[in-house]
Amino acid sequence: MRYVPRQQLILIIASISVFFEALDIAIINLTMPLIQRGFGLTANSVQWLQTLYVLLYGGLLILGGRLADTVGRKRVFLTASGLFLLTSLGAGLAPSFGWLLFFRGLQGVAAALLMPSALSIVTNAFTDAAARSRAIGVVSAFAAIGSGSGLSVGGLIASGFGWQWVFFINVPVILLTLGLAYRYIPDDAPQHSTPPDVGSGLLLTGLITALSYVVHELGNWRTHGGLLVGLTLIVGVGSYFFLKRNATQPVPLIDFAILRPALTGIGVYVCLGASFTGFLFLISLILQNDRGLSAAQAGLMLLPFSVLSAITGKVFIPALLKRFSVRQIALMGMISLTVSALFLLFSAQSGSDSHLPLLLAMTCANGLGIALAYSGLTVLSIQGIAEAHHGLVSGVATTAYFFGGGLGLSLLSLFLGSGLAGEPVVGVGSLLLFGMYGGIGVTWLLVTNALTHSKGIRDTTESPQHLPSSRAGQ
């Protein structure tokens, strides 16, 4: 039997965990129409399965990284993996939508602990700089493959075995990963004696979730006006206390002074999260609710997206980095995402005979756009940032991405149709808003690009695979 070095085993364990975490975000999208019909829900309600997940994931991600440093990487990884296993089992067995939403939210918490601890385990296992860069590239590739294949895989699994199996599929693999991790990942001592500011992390997550709920319920302001006003006031007061508490901590959860050079990258990350998460949600509704495809047929329709996003990340981006700045690559990606929204709009307005080519063009444009935009923004967000703070900025950027995703879904839900009496679930209003997400990102990059050139500042062309990464291809 061939001997596998411990370093390689650690890389395999972390990569498998990250793959299933990334898969879990995308895999549920083509399953949501089945869940909607199974529990008798509206599209407006079922989208909370994704909104709550991304909000809790993004809101607790920075805290998860801090806990890995202070409690111990292996301990946090094992705890997160165990929680992910139990919540996957609970979601698959959920007897009602309320229980399913509860377990889905806890999955987001588990993912927020799992991702930073897995990356930290890898970076500490590979001490050589070149080997560490290659290892991070492997983990990022597994994340990209997981998120890229999740759409197609989710549709096929749900059609063949039922929506419950998109959760059950996690259980045996994570159980195996837990055993391997306990055996082969070395114990580690906490790196910092100062405990993380758990209170600020929970407060930030609560504020983000409350804000998204307010946006989601704006359509019911006549009946829920008092509640919405009260929650808005709570968000305002809570934000003040968060900023005040964060500023007085010896080790703040977010050091805003460090983030100034990264504001463009982080800001466009919000637009990217809203655009791509909106795509995942809308395309599942269009293909299954409005076009009448099965989950398996919808999954096959999205194969071009999975293939093109993988090819772009592996082949096109290294070549583009030799000729264009990262800001220009990010701009290409956001333009491509905006174009994909136009294709989707034209498809929704076309007859049944002409929608298929437009949908295929849309999936290709989106696959190209997400790979270009994510890779470009990954580097752009850490330009001008000291290497010691790359992890913090990457964590904040990923939080911004998921905040954009949660807020974007809440806004889209305001424009969804009922699907009754021939009315499409996804109408012109939701598609125009979806296109605006990418358009705002394009405008932001164009304006900052003009300002950058006017000041004579040059962008770097450093390759993303050599940088800390918390997400690839999502």
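The backbone N, Cα and C atoms fix where each Cβ goes, glycine too.
TrEMBL labels come from automatic prediction, so no person has curated them.
Copied from TrEMBL, the annotated features are:
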TRANSMEM  9-35  transmembrane segment
DOMAIN    10-456  domain 'Major facilitator superfamily (MFS) profile'
TRANSMEM  47-64  transmembrane segment
TRANSMEM  76-102  transmembrane segment
TRANSMEM  138-159  transmembrane segment
TRANSMEM  165-185  transmembrane segment
TRANSMEM  221-243  transmembrane segment
TRANSMEM  263-286  transmembrane segment
TRANSMEM  298-317  transmembrane segment
TRANSMEM  329-346  transmembrane segment
TRANSMEM  358-380  transmembrane segment
TRANSMEM  392-416  transmembrane segment
TRANSMEM  428-447  transmembrane segment
* Structure fact -> Same-chain residues at least 6 beyond the ends of the transmembrane segment (263-286) with CB under 8 Å of its CB atoms are 26, 29-33, 43, 47, 50, 54, 151, 298, 302, 330, 333-334, 337-338, 340-341, 344, 347-348, 359, 362-363, 366, 370, 373-374, 377, 380-383, 393, 396-398, 400-409, 411-412, 416, 425-426, 430-431, 434, 437-438, 440-441, 444-445, 448, 474
* Can at least 3 Cβ pairs under 8 A be found between the transmembrane segment (47-64) and the transmembrane segment (392-416), with each pair 6 or more apart in sequence? -> yes
* **Any contact, the transmembrane segment (329-346) to the transmembrane segment (392-416), with at least 3 Cβ pairs under 8 A** => no
* To do: Take the transmembrane segment (9-35) and find every residue of the same chain, 6 or more past its ends, with a Cβ under 8 Å from one of its Cβ atoms.
  => 41, 46-47, 49-50, 53-54, 77, 81, 84, 88, 97, 100, 104, 107, 111, 114-115, 118-119, 121-122, 125-126, 135, 138-139, 142-151, 153-155, 157-158, 162-163, 166, 170, 173-174, 177, 180-181, 184-185, 280-281, 283-285, 287-289, 295, 298-299, 302, 471-474
* Asked: Of the listed stretches 138-159, 165-185, 392-416, 428-447, which one has the most C-beta pairs under 8 A with the transmembrane segment (76-102)?
  -> 165-185
* Asked: Which of 165-185, 298-317, 392-416, 428-447 has the most Cβ pairs closer than 8 Å to the transmembrane segment (358-380)?
  -> 298-317
* For the transmembrane segment (428-447), could you work out the same-chain residues 6 or more beyond its ends whose Cβ comes under 8 Å from its Cβ atoms? => 264, 267-268, 271-272, 274-275, 278-279, 282, 327, 330-331, 334-335, 337-338, 340-342, 344-345, 348-349, 369, 373, 404, 408, 411-412, 415-416
* Mean pLDDT, the domain 'Major facilitator superfamily (MFS) profile' (10-456)? -> 83
